[in-house]
Amino acid sequence: MASPSSLCLLAALLALVSWQTIASDPSPLQDFCVADEHSPVLVNGFACLDPKHVNADHFFKAAMLDTPRKTNKVGSNVTLINVMQIPGLNTLGISIARIDYAPLGQNPPHTHPRATEILTVLEGTLYVGFVTSNPNNTLFSKVLKKGDVFVFPVGLIHFQFNPNPHQPAVAIAALSSQNPGAITIANAVFGSKPPISDEVLAKAFQVEKGTIDWLQAQFWENNHY
């Protein structure tokens, strides 16, 4: 007969395995579950629209992803197509984005809490990378040319930068969630509402409070549209 400590260890292992199986978007249990954005039912994601009311337009968007976008002051524009734009993506665990980069523009350090990202360069050159979690904080980086592909693991801080001072760049990214989310590090830390205490941030970054106050006074613009 197994000892109590062995049973506790087995239960802990089973809990970990069970958590891993539900750590990403849930798998569909039918052909599709088009999001019913007007349903009063609160679920993780969206309730399903009655299949009798589903048509091809629920799986379509004239997104014009072949059209260049205007970039913001950090020099990028992320055009995300997720379940909010295509309700047919509900429960399918995928979304797509076009990313435009101005010369010397960047998609600044950020994370996707619910998705792994795979990116390919359509035009130009990009310097990209991600940083592993504590305690190592190892940087994995690469210079990508047209046609190259790079993967950013789920939840890790990553970035893209166009090193060309004369030419823009364009990339397409696929993400493993119908709603991957994005947390831009600078925006979250220095642009939160209400602001994080400058004493907390000054201690964390080992700088004077005046430096934190200046950073918090900046306009932290979103580059996701």
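Here, residue 1 is simply the first one shown, and the rest follow in order.
Each Cβ is built from the backbone N, Cα and C atoms, and glycine gets one as well.
Features reported for this protein in TrEMBL:
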- 1-23: signal peptide (SIGNAL)
- Cys33-Cys48: disulfide bond (DISULFID)
- 63-213: domain 'Cupin type-1' (DOMAIN)
- Asn107, His112, Glu117: oxalate binding site (BINDING)
- His110, His112, Glu117, His158: Mn(2+) binding site (BINDING)
Within the same chain, the residues at least 6 apart in sequence whose Cβ is under 8 angstroms from that of His112 (oxalate binding site) are Phe152, Val154, Gly155, Leu175, Ser177, Pro180, Gly181, Ala182, Ile183
Counting only residues 6+ apart in the same chain, whose Cβ is under 8 Å from the Cβ of Glu117 (oxalate binding site)?
Val151, Phe152, His158, Ala173, Ala174, Leu175, Ser176, Pro180
Using Cα coordinates, what distance in whole Å links His110 (Mn(2+) binding site) and Cys48 (disulfide bond)?
31
Given Cys33 (disulfide bond) and Asn107 (oxalate binding site), what distance in Å do their CA atoms have, once rounded to a whole number?
32
Proximal but sequence-remote residues of the same chain as Cys48 (disulfide bond) (Cβ under 8 Å, at least 6 apart)
Gln30, Cys33, Val34, Ala35, Asp36, Asn90
Other residues, Cβ within 8 Å of His110, His112, Glu117, His158 Cβ centroid (Mn(2+) site)
Thr111, Ala115, Phe130, Phe152, Leu156, Ile157, Pro180, Ala182
So for His158 (Mn(2+) binding site), how many other CB atoms are inside 10 Å of its CB?
22
